[in-house]
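The domain 'U-box' annotation in TrEMBL covers 287-361. What TrEMBL records for 433-475, 518-560 is repeat 'ARM'.
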Amino acid sequence: MACGAIFSSLRRRRSPSLEAFLAPVDLSDVALVQTLVSVTSEIVSSFSDKLFYFQRRNSRSLVRKVEVFLVLLECLTDTASALPWTAVICLKELYLLLYRSKILLDYCAQSSKLWLLLQNHPISGHFHDLNQEISTLLDVFPIEDVELGEDVREQIELLQRQARRARLFIDKGDDELRMQFFRFLHEFEKGRTPDSDDLYLFFVERLGIRDAKSCRHEIEFLEEQIVNHEGDVEPTVPVLNGFVAFTRYCRFLLFGFEEDEVELGIGSQKKPRKGLITQEIAETFITIPKDFCCPISLDLMRDPVIISTGQTYDRTSISRWLEEGHCTCPKTGQLLPNTRLVPNRALRNLMLQWCAAYGVPYDPPECTEASAESFAGISPSKAALAANRATAGLLIQRLADDGSTCAQTIAAREIRLLAKTGRENRAFIAEAGAIPHLRKLLSSPNSVAQENSVTAMLNLSIYDKNKSRIMDEEGCLGSIVDVLRFGHTTEARENAAATLFSLSAVHDYKKRIADEEGGIEALAGLLLHGTQRGKKDAVTALFNLSTHAENCARMIESGAVRALVSALEIEGVAEEAAGALALIVRQPIGATAVGKEEMAVAGLIGMMRCGTPRGKENAVAALLELCRSGGAAATERVVRAPALAGLLQTLLFTGTKRARRKAASLARVFQRCENASAMHFGGLGVGYAFAGNSAANRDTSFVGDVSVQMSISVPVL
């Protein structure tokens, strides 16, 4: 669906965006006229019988003008090979004008009604701008130099006179509705709830929004505008947030909890849009603009971001580059003063338009995540807070009723979404009593109800005061663990793990969570066998739980230590796994358990070699703690590890500050062991033999007089 950012390119005094990519190139005069006939015919066939809910007069007027151009172009078809050069230039300009007319008409036909109301003045201005450009084009078109029938010439001259006389037209009825929309929002801002009869008249009778599905479409469209908002577009984001909250309240007040709204899926499936131009035309432009390709991967960017040097990269590629320890710009080689990634929304909007025009598949980041990120950084208005509070009351009332499961599922889903967008929402949802009702749904046989309720619980737990409410609710922690163990869907189990991670941020709750039957076992299983996101949720929860000293024995007996050792080989979670092991081995029983794992030392050494800077730091810390707490046997296993000396040497000069400090301490342990071995063998300077991969070589500390002397200089930190 076209977005508001398109219109910034419609005014010629602003920087053009999509036109630059769509201007006709290397077309003969005949081909140019045929292309124009094709585009014009498509506009006429698509919009001549279209019923526009708003901008009716402006839209019909523009379509009638396009119909006259179609008559002109059909007349020129037979004489296209003899057109004067001035006419050809005008026709190329007409191509751009027609294309922009199609965008505007398509926008008015498919945008949400509420958004068209809010944009009533700017959209009317865009119609007027197009009319002025039509007038200018007709003024310079060499009508006397082309062969036209008398009737066609008269139609063109009439259109020229009408375009000259045209003035900006703003529909008074539409504008009155727009003002009423703002008045409703003002009522909420003053702490008053608008009368339900007035709301019914406005939404159902005046706007034709007659069911929950239509209302939800309006909400989703407004949220999309917030995500793609540009700074100079009115209304501002806080005001838009207020309208979203107000519309959501009206959705439940007026239409209740209709069952046909939820096909009991979590996100709405967006239908594919028809392209903005015909496929035949799009096929003439198949080269992806260089600015749309990531300089690292050379592929079309999915989520363009700007780094501190001003260069744009795809988020995935540049994030991987930074995680590998690079601190320079890949394109310019400049040192990066910081690693902040700023979304390049302007470029992303251009890419969306370009891909839609050419039928190129484009998979942007999930809108729900993007919108949540956008909402989180915005201070909600008083009207938005008041409307959200009123909506929460309706939702919790529905949860409390022992009515249809479908209605409760919808209510849980909406609470989940509402709790995703700000601490104030999370606070008053919990204060209104949502948590006990959500707890009951955690054991629901309906998979979607369970998934929505546990995710709502996760979102509520982000607010610190709600953590105590959840933990104090009788049976709530056990229900969350049961979802983790036996949840109906993968997402429900993953979100249960994430909820435990959130709750375990409070130190006093870590022991309670660890003692809950089956909890740590389920986290260990998710770490080994879950999706990538599930593994991440599980390892972060285990990391938090491992920070409590009394949980060490429980981590060992539940198999969590073995799972963490195995996770050292799993990309994306190895860093946290090493951090958790570093905490566990601080205690002798933890060090003993880790030391018994055959792959523990090898996995940590591997992370020192190939991990991220933070991962290397965690790995060397774990090895050091293993030596300190694990006794002579564990120390011997560590210092005999192949390539340890070289890795320590590298880390001493390239690691983080903490990594260098830990590496220096481990190097001293290594030297003490080496010196002790040399004294034991009469000061012959016999070191450790690391050559060879056989079991015999690994189990033999010393190999006669064949040795590799290792000396590490330890800097003073």
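From the backbone N, Cα and C atoms, a Cβ is placed for every residue, glycine too.
Sequence-remote contacts of a segment are chain residues at least 6 beyond its ends whose Cβ falls under 8 Å from one of its Cβ atoms, and for the repeat 'ARM' (433-475) they are 262, 264-266, 392, 395-396, 399-400, 405, 408-409, 412-413, 415-416, 419-420, 423, 426-427, 482-483, 487-489, 491-492, 495-496, 498-499, 502-503, 505-506, 509, 512. Residue counts for the repeat 'ARM' (518-560) by DSSP state, with H, G and I taken as helix and E and B as strand, are 36 helix, 0 strand, 7 coil. A mean pLDDT of 90 is what the model gives for the repeat 'ARM' (518-560). Taking DSSP states H, G and I as helix and E and B as strand, the repeat 'ARM' (433-475) has 32 helix, 0 strand, 11 coil. In the domain 'U-box' (287-361), the DSSP tally of helix, strand and coil residues is 26 helix, 12 strand, 37 coil.
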